């Protein structure tokens with residue numbers, strides 16, 4: 001098929017090109033005139049004549065005397081500059097110079113110009129200017145290459161359309177891996193059916209079933225090793241080997257737990273060897289999926305073969321066999337696969353023991369299993385984090401491994417000393433691991449990262465919480481929790497540890513809530529309830545609560561992250577301190593057995609409130625000139641406590657107290673108010689007199 005071309009369109013395009021050529025010719029002549037004027041000015045007195053011929057060429061004639069030679073007159077040969085001479089520094093220059101071709105001669109509109117000369121040559125009638133042939137940086141200024149946008153208005157960089165993401169099921173190797181994992185699962189289910197369902201249906205005998213399972217597993221491992229060495233056989237080899245090793249492990253479990261052909265100890269040893277063989281093969285092939293498939297395949301299907309305590313031993317053997325791998329390989333998924341099955345299997349056994357109350361021997365075996373899970377988890381975590389401090393998975397698995405041990409004391413609820421000993425040992429070990437990161441010398445030796453120390457501290461604190469609950473009753477429990485809070489807050493303030501301070505605050509909160517259940521506001525306000533509930537243990541709890549408040553304020557001032565909320569801390573501390581003082585004085589008065597002990601205690605509490613307010617005001621007035629922020633905080637707290645003391649004096653003491661006790665309370669509070677008022681007025685008078693004294697001294 002032929003396509004006709006519109007001659008009108010061709011003619012219009014030709015005309016546009018002709019017009020463009022004419023405009024370029026005019027621009028070239030103007031530039032040459034400018035160059036001639038510049039050259040004439042640099043000659044210094046020599047006349048320069050520029051003549052434009054009819055064809056557009058420019059002739060420049062210069063006499064030695066400096067007189068201009070008109071066109072057509074006789075004289076020395078004139079310089080004939082072609083109409084489209086190269087731009088200095090960009091035209092044809094000496095050979096070897098870099099000249100952009102786009103600045104070569106432009107033909108005249110309507111006809112082609114002369115044939116370009118060889119590089120480095122000029123027309124015969126043209127003499128090279130002094131700077132011809134130089135690099136652009138050495139010759140005339142570089143011509144502009146186009147408009148430059150002002151700063152800040154440059155267009156954004158052009159970016160192509162986003163590359164579409166390949167769906168996960170279309171990525172290389174995904175389908176093959178899915179099929180391989182499915183094949184592993186289905187094949188292992190078939191092995192379990194061979195070992196269990198065939199026995200239930202009466203097919204084959206025990207020996208043929210076990211031998212068939214062992215031979216089938218060995219054949220799978222051999223096939224996997226053969227396939228792995230071929231091109232593209234990595235996925236298939238790993239799947240075959242994992243299936244064979246997991247099948248062999250299940251075969252050992254069946255021989256030990258179902259048919260009882262092996263002693264449990266021997267069965268555990270053989271199972272450990274099979275798992276170690278699988279892990280060793282995974283290390284040789286550098287394949288984490290192989291190790292994970294072996295462990296998960298054996299762990300998930302083992303409960304199908306047995307649900308007795310022997311199951312825990314096989315799962316712990318799997319957990320232990322993988323520990324050496326963590327010393328040389330960074331395989332986080334294997335940490336999860338080896339820890340969670342043992343934990344998830346041990347916890348239901350312990351929960352059943354707590355509910356059902358099994359025999360002592362059964363509880364001892366469960367305790368031993370919980371200890372083994374926690375010990376292996378702790379050892380594996382320490383090994384991993386010492387080699388790779390950033391491994392957060394190892395720390396999380398440490399927390400998971402301690403869960404059975406945290407439940408274990410509940411099995412010995414009837415024997416509280418044993419339960420307290422179990423929880424106490426666990427708390428001591430875990431808190432020692434956490435403390436090793438706080439002491440500089442121990443931290444350099446132990447090399448326990450902070451996230452591992454945090455997990456150990458939280459788990460150890462839960463164990464310590466169990467110890468406090470186990471060794472105390474409802475009256476002494478607040479004192480135990482307050483003692484723990486004192487220890488945590490002291491360490492937190494000394495080492496500036498926010499995590500330790502948080503744990504101390506948690507124990508202090510629990511202690512405060514437990515204390516309020518014994519000495520609540522309704523108890524302190526009623527003489528009958530106070531005499532019924534308040535004892536010496538309440539006195540101890542109130543005194544320890546007051547100590548916790550003081551230590552918490554000190555700790556908050558030591559922690560940089562808590563300095564911005566100092567006002568809130570002082571308010572909370574003031575309220576808690578006032579309540580602790582009241583509970584302590586009333587408890588002491590009631591515990592003495594005196595008839596007026598209750599009213600004496602409240603009178604003493606009011607006087608102590610006012611004494612504390614006086615101390616805070618004196619402290620603020622003394623530091624008003626040096627530490628204004630602290631002074632203002634102390635003055636504000638003192639005034640608030642003063643208002644609280646007066647409110648208690650008139651709203652409660654006036655109606656509850658009687659006799660000399662009420663008189664003593666009013667007299668003591670009144671005298672303290674007079675002292676505070678006098679000191680307050682003198683302090684501000686002195687502060688106002690200092691500027692006047694300074695001004696008089698300067699004037700004199």
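Start at 1 and count along the chain as shown; that gives each residue its number.
The backbone N, Cα and C atoms fix where each Cβ goes, and this holds for glycine too.
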Stretch carrying transmembrane segment according to TrEMBL (options 135-159, 235-259, 310-334): 235-259
Interface check, the transmembrane segment (265-283) with the transmembrane segment (210-228), three or more C-beta pairs under 8 A: no
Distant-in-sequence neighbours of the transmembrane segment (633-651), which means Cβ under 8 A and at least six residues beyond its ends: 566-567, 570-571, 574, 578, 605-606, 609-610, 612-617, 619-621, 623-624, 665-666, 669, 673, 676
Distal contacts, the transmembrane segment (392-412) - CB-CB under 8 A, six or more residues away: 326, 332, 335-336, 339-340, 342-343, 346-347, 350-351, 353-354, 363, 366-367, 369-371, 373-374, 376-378, 380-381, 384-385, 418-420, 422-423, 426, 430, 449, 451-452, 454-456, 458-459, 462-463, 466, 470
Long-range neighbours of the transmembrane segment (478-494), counting only residues six or more past its ends (CB under 8 A): 435, 438, 461, 464-465, 468, 471-472, 500-501, 503-505, 507-508, 510-512, 514-515, 518, 537, 540-541, 544-545, 547-548, 551-552, 554-555, 558-559
Long-range Cβ neighbours of the transmembrane segment (597-621) (under 8 Å; 6 or more residues past either end): 527, 530-531, 577-578, 581-582, 585-591, 630-635, 637-639, 641-642, 644-645, 648-649, 652-653, 656-658, 661-662, 664-665, 668-669, 672-673, 675-676, 679-680, 683
